[in-house]
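Features reported for this protein in TrEMBL:
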- Gly13, Ser19, Ile20, Asp66, Val67, Ile94, Lys164, Ile193, Arg194, Thr195, Leu196, Ser197: NAD(+) binding site (BINDING)
- Ala97: substrate binding site (BINDING)
- Tyr147: active site, proton acceptor (ACT_SITE)
- Tyr157: active site, proton acceptor (ACT_SITE)
Amino acid sequence: MFTLEGKTFVIMGVANKRSIAWGIAQSLDKAGANLIFTYAGQRFEKPVRDLVETLEGKHDLLLPCDVTNDEDVKACFDEIGKRVGKIDGLAHCIAFAKTEELSGNFSDTSREGFLLAHNISSFSLTVVAKHAKPLMTEGGSIVTLTYLGGERVVPNYNIMGVAKASLDMSVRYLANDLGQHNIRVNAISAGPIRTLSAKGVSDFNSVLKEIEERAPLRRNTTQEEVGDTALFLFSHLSRGITGETIHCDSGYHIL
Ligand code: 0WD
């Protein structure tokens, strides 16, 4: 096992212990990294703090950061800069769409729902990268989470699929832009995992069943598998990789 001792990473998007962000936090914690957590709003502070206390390392910097608010994002990264100086990377594990837009006809997507999904699930990566960049003085690695529904049509994923396509392309533009500063930007396309966000997708159980029956590995993806893929992307081992989407989905995407 390699170590991330002495490295600092920002984890954005822990809502509860099922969150993929939490899987990433656990993998990085085991590798000895220092972690900073951001949460969506005040109501998440206590549950996130309670979870963070269960980790092996002592990570006591937790900050609110609503990614729909430019001032909030700036204030959050300014504070991180003041408290730790330099960071080595960040995990962007944030998405949102209205539940009513995650079923039914795609052509019924509302303008408001379209913009909301893109704002939180796609644009947020760009605004976060902008404010994290000055803190990555020795280079860095940015990792976001995407899904197959941004590459091809997946039933009920609807507007979130279109937002993920936008996110995927943002990864490439950001990778090209930030590469000159030795900042890498990559996405992990995770297989379906039962989380709070996934609950919003209509008929999610059939998606899980399909993976178990048909994916090359014949099993569903775990939080830990995604966490370890992120660990690789945050480590020196992946230093030649940027603008990439790694599928951590039991191989389902090849079908
Ligand atoms: O099957 C899955 N669960 C997959 C998820 C498969 C492939 C990809 N993903 C992606 C999601 O699309 C998302 O980008 O992984 C990422 C993390 O999602 P998750 O772990 O599945 O879900 P969850 O635990 O709900 O975390 C998403 C979090 C929010 O949680 P809630 O439940 O409150 O929506 O995104 C954060 C929040 O913590 N979030 C925000 N953070 C800052 N500002 C905001 C916001 N405005 N809105 C949502």
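Cβ atoms are placed via backbone N, Cα and C, with glycine included.
TrEMBL: automatically predicted annotations, no manual curation.
Model, not experiment: these values are computed from the prediction.
Known features from TrEMBL, placed on the structure.
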residue : record                       : CB count, 10 Å
Gly13   : NAD(+) binding site          : 26
Ile20   : NAD(+) binding site          : 26
Val67   : NAD(+) binding site          : 23
Ala97   : substrate binding site       : 25
Tyr147  : active site, proton acceptor : 25
Tyr157  : active site, proton acceptor : 25
Lys164  : NAD(+) binding site          : 26
Arg194  : NAD(+) binding site          : 13
Leu196  : NAD(+) binding site          : 10
- Query: How long is the line from the C-alpha of Tyr157 (active site, proton acceptor) to the C-alpha of Tyr147 (active site, proton acceptor), rounded to the nearest angstrom?
  - Reply: 10
- Task: Using CB under 6 Å from any atom of ligand 1, narrow the recorded positions Ala97, Tyr157, Lys164, Arg194 to the ones that qualify.
- Result: none
- Message: Measuring Cα to Cα across Gly13, Ser19, Ile20, Asp66, Val67, Ile94, Lys164, Ile193, Arg194, Thr195, Leu196, Ser197, which the record gives as the NAD(+) binders, how far apart are the two most distant ones in Å?
- Response: 24
- Rounded Cα distance, in Å, between Tyr147 (active site, proton acceptor) and Lys164 (NAD(+) binding site) is 7
- As a whole number of Å, the Cα atom of Val67 (NAD(+) binding site) is distant from the Cα atom of Ala97 (substrate binding site) by 14
